[in-house]
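Chemist: One structure, as C-alpha cells, below. Some questions next.
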C-alpha cells in the first residue's frame with residue numbers, strides 16, 4: 001500500500017469490503033487487481049467478494065442473537081440477488097431462505113437450503129407454490145384468506161402446515177420519519193395502510209380464531225415486515241413497540257401468544273445507494289438490532305418468541321462491485337462526459353428510484369481529481385450513472401468501479417438496446433476466482449423469440465423483389 005492510495009476509498013466511507021489499492025494505483029478486490037479481472041472475464045463485470053458476505057452474516061447474527069435470549073434465525077431474501085453461487089454460499093453459513101413463488105422456492109432448494117428452513121411469502125401465492133411448501137414442511141407467512149382454504153385442502157392433521165400471520169402494521173408515529181421510500185400515500189402510515197400486504201388487527205384476530213384449533217395448522221406467530229424507508233433506528237424502535245402492542249392486544253383478545261416473530265428485512269447498510277445521497281449512514285446494524293429488540297423486550301410481557309430475520313441488502317449489498325470500462329470522453333458547452341460500457345439498465349434503481357452510487361476511478365486510484373464529469377452509459381436514454389463527479393483524467397480503457405452493486409442490480413438488469421447482461425464472478429478469500437454467471441450472447445437475448453412462418457415467407461419474397 002502506498003501513501004495516499006486510500007483517499008478514494010476513504011471518501012466513499014464505510015468499511016473496505018475487500019477493496020484495496022496496489023502499488024500501481026490499481027483497485028484490487030481480495031488482492032486481485034481489477035484490470036486482471038476485466039482482462040480475463042470482460043467488461044462490464046459483476047464481481048462478488050465471498051469473504052464480505054460471510055462477515056455480513058456473522059455480524060447480523062451476532063447483532064441480534066446477543067440482544068435476544070432465544071436467538072435469531074436468518075432467512076435470505078433471494079429476490080435481492082438471485083445468483084445461485086451466493087445462495088449456495090449462504091447455505092454454507094447456515095442461512096435459510098425467504099422466497100416469493102415457485103421459481104425462487106425451487107432455486108433456493110437447489111442451492112442447498114433444507115426445505116424446512118424456507119419461508120414462503122406473497123400476497124397471492126399459487127397453489128403449486130403452496131403445495132411445494134406443504135410437502136417440504138416449509139414455513140408459510142399467510143397473507144390472504146384464499147390461501148388458508150387452499151392450505152386446508154393440502155395439509156393433514158398428521159403433518160400440519162407451519163404458518164405465521166402477515167400483519168399490517170402502520171403506526172402513526174412513523175410519519176415523523178417521512179415517506180420518501182414509499183411509492184404511494186402522503187405519509188409512512190398511509191403508505192403502509194394502502195399496501196397490498198397483511199392483516200389488520202380485526203382481520204388477524206379472525207384468522208387466529210380460525211387456525212389455532214385446526215389440527216391441520218401449526219400457528220407459529222406473526223410476520224411483520226415493514227421494509228426499507230429510513231436509516232433512523234428510532235423508526236425501527238417504533239415498529240418494535242407497535243409489534244409488541246399488537247401481540248399483547250391479541251393475547252387479551254383471543255388468548256394467542258406467538259412462538260415466533262418474523263421481523264422481515266429492510267435493514268439499512270452503511271453505504272446506501274437507496275438513500276440517494278453520498279453521505280454514509282452513521283448507524284450500523286447493531287443500532288437497528290438494539291432499537292428493535294429493546295422495544296420488544298420492554299413491550300412483550302410473556303415468553304420471548306424466537307426471532308426470524310429476512311435480510312437481503314444487508315447480506316449482499318456491499319459484496320458486489322460492478323466494473324466498467326471507459327469507452328470515450330468528451331467535452332463541450334463547458335461540461336465533460338465520461339462514457340463507460342455499463343449503463344443504468346444494470347443499475348435500474350437509478351432510473352426507478354434515483355439511487356445514488358459511488359464511482360471509483362479503479363485504474364487510477366492514486367490520481368487526484370482533475371475535473372468534474374458526468375459518467376454515462378451507452379444506451380439510447382441519458383443513462384446517467386453519476387452527475388458532476390470529481391474524477392482524474394480518465395482515458396479510453398480505464399476502469400470505473402461501482403461498489404454496492406449487490407442488491408437489486410443483477411435481478412433487475414434488462415437487455416435494453418439489445419445489450420447482453422454481464423458475466424459474474426466470485427473471488428474466494430485466497431484469491432481464487434470462479435465464474436458464477438456467464439456473459440449473455442445474442443442467442444440468449446433472442447432465444448425465446450419466434451417469427452411466425454408466414455412472416456418469414458413474406459420476407460423471403462420481399463427480398464427477392466429487391467433490385
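Note that Cβ sites are derived from N, Cα and C of the backbone, with glycine treated the same way.
This is the feature table in TrEMBL:
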- 53-316: domain 'Orn/DAP/Arg decarboxylase 2 N-terminal' (DOMAIN)
- 79: N6-(pyridoxal phosphate)lysine (MOD_RES)
- 380: active site, proton donor (ACT_SITE)
Chemist: Taking the Cβ of residue 380 (active site, proton donor) as the centre, count every other Cβ atom within 10 Å, in any protein chain shown.
Modeler: 8
Chemist: Calculate the distance in Å between the alpha carbons (Cα) of residue 380 (active site, proton donor) and residue 79 (N6-(pyridoxal phosphate)lysine), and round it to a whole number.
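Modeler: Given the Cα positions, residue 380 (active site, proton donor) is 28 Å from residue 79 (N6-(pyridoxal phosphate)lysine).
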Chemist: Determine the Cβ neighbour count for residue 79 (N6-(pyridoxal phosphate)lysine): the number of other Cβ atoms within 10 Å of its Cβ.
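Modeler: Around the Cβ of residue 79 (N6-(pyridoxal phosphate)lysine), 19 other Cβ atoms lie within 10 Å.
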